[in-house]
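K.L.:
Quick one: structure below, then a few questions.
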Amino acid sequence: MPFLGQDWRSPGQSWVKTEDGWKKTTKEENETNNNVSERKGYCKEEYDKENLIISINYDVAAKKRKKDLLNNNTKIPYFHRDKWIYVHKGSTKERHGYCTLGEAFNRLDFCSAIKDTRRFNYVVRLLELIAKSQLPSLSGVAQKNYMNILERVVQKVLDDQQNVRPIKELLQTLHASLCSLVQDMGKSVLVGNINIWVHRMENILQWQQQLDNIQINRPTNKGMTFLDLPASLQLNVMHRLSDGRDLVSLGQVCPDLSVLTEDRLLWKKLCQYHFTDRQIRKRLMVSDKGQLEWKKMYFKLCRCYPHKEQYSDTLQFCTHCHILFWKDTDHPCTANNPETCCKPVSPQGFINLFKF
């Protein structure tokens with residue numbers, strides 16, 4: 001066997017795989033390479049630890065932001081701003097999750113609707129109907145959105161000093177419903193931590209107190225007032241009022257207005273506007289003089305039957321496209337005559353659209 005040189009297994013040398021192939025290295029080079037590898041490994045380990053700490057801190061911060069959002073501790077509420085939504089014609093296992101009352105309440109732009117005077121009463125009535133019976137059917141996000149919109153409604157009333165009584169009735173209805181849900185039916189019907197709902201109930205009581213403390217400021221100008229108008233014009237204005245309680249409040253201002261608010265024709269038109277002839281005939285009340293007591297009949301009818309609802313602007317539903325939209329925003333209708341396919345939707349009709 002010819003002599004080729006030092007054996008590769010001899011002490012002091014070793015074979016190391018590199019990018020260029022296998023090479024021989026001495027013991028000193030091995031120790032140097034090992035030290036470099038240890039330093040690189042140590043640096044990589046420290047780098048991985050640092051990234052892990054940053055990742056953990058990020059996750060903790062993200063969870064805290066999410067928890068604050070659910071607990072209403074953030075100043076940025078959760079709102080959608082869609083102008084229209086598609087309502088499925090039928091309910092299936094696949095479709096039902098995309099066509100619920102909570103989803104519709106989230107996606108439609110109720111936040112901007114409360115700023116519009118024409119839509120304000122419509123939204124308030126819808127909030128009242130949901131508070132009476134539909135609150136447990138809302139998702140957690142929809143319930144949070146409901147409370148955020150309610151807070152904006154209360155703040156608008158406190159700033160404008162208008163529509164105080166409907167908001168008081170809404171808060172009273174909501175508080176009574178929440179008390180019933182928490183005490184009578186149990187905690188499981190409400191989505192979320194019970195402490196959050198207790199905090200919300202405390203906010204409702206606080207809003208009620210703020211509304212009770214409202215003091216309407218008298219106008220500073222000394223121009224013509226309602227009392228300066230002729231009696232015929234004052235009576236004409238009263239005929240435009242659709243709520244008998246407003247007439248009673250107006251009659252308490254001064255004796256002259258009190259006489260005008262007792263006008264029988266005024267209360268007769270109110271009864272005929274809100275109730276049908278059949279309902280009126282069932283609740284007839286005659287005085288000792290043989291005259292119909294229209295004022296007493298009106299309040300008796302109010303206790304027995306619902307009022308006729310009238311709104312300046314409402315949601316519209318297209319029967320051809322099955323799209324729910326605000327009237328002034330329109331929708332991408334494919335019908336030849338879109339006007340004939342669209343019909344107004346009352347607050348109760350809005351809720352009925354999502355009952356399957």
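Cβ coordinates are placed from backbone N, Cα and C, and glycine is handled just like the others.
From TrEMBL, for reference:
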type	residues	note
COMPBIAS	17-30	compositional bias 'Basic and acidic residues'
DOMAIN	223-270	domain 'F-box'
REGION	1-38	region 'Disordered'
K.L.:
On the 0 to 100 scale, where does the mean pLDDT of the domain 'F-box' (223-270) fall?
P.N.:
88
K.L.:
What are the helix, strand and coil residue counts for the domain 'F-box' (223-270) according to DSSP?
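P.N.:
Tallied per class, the domain 'F-box' (223-270) gives 32 helix, 0 strand, 16 coil.
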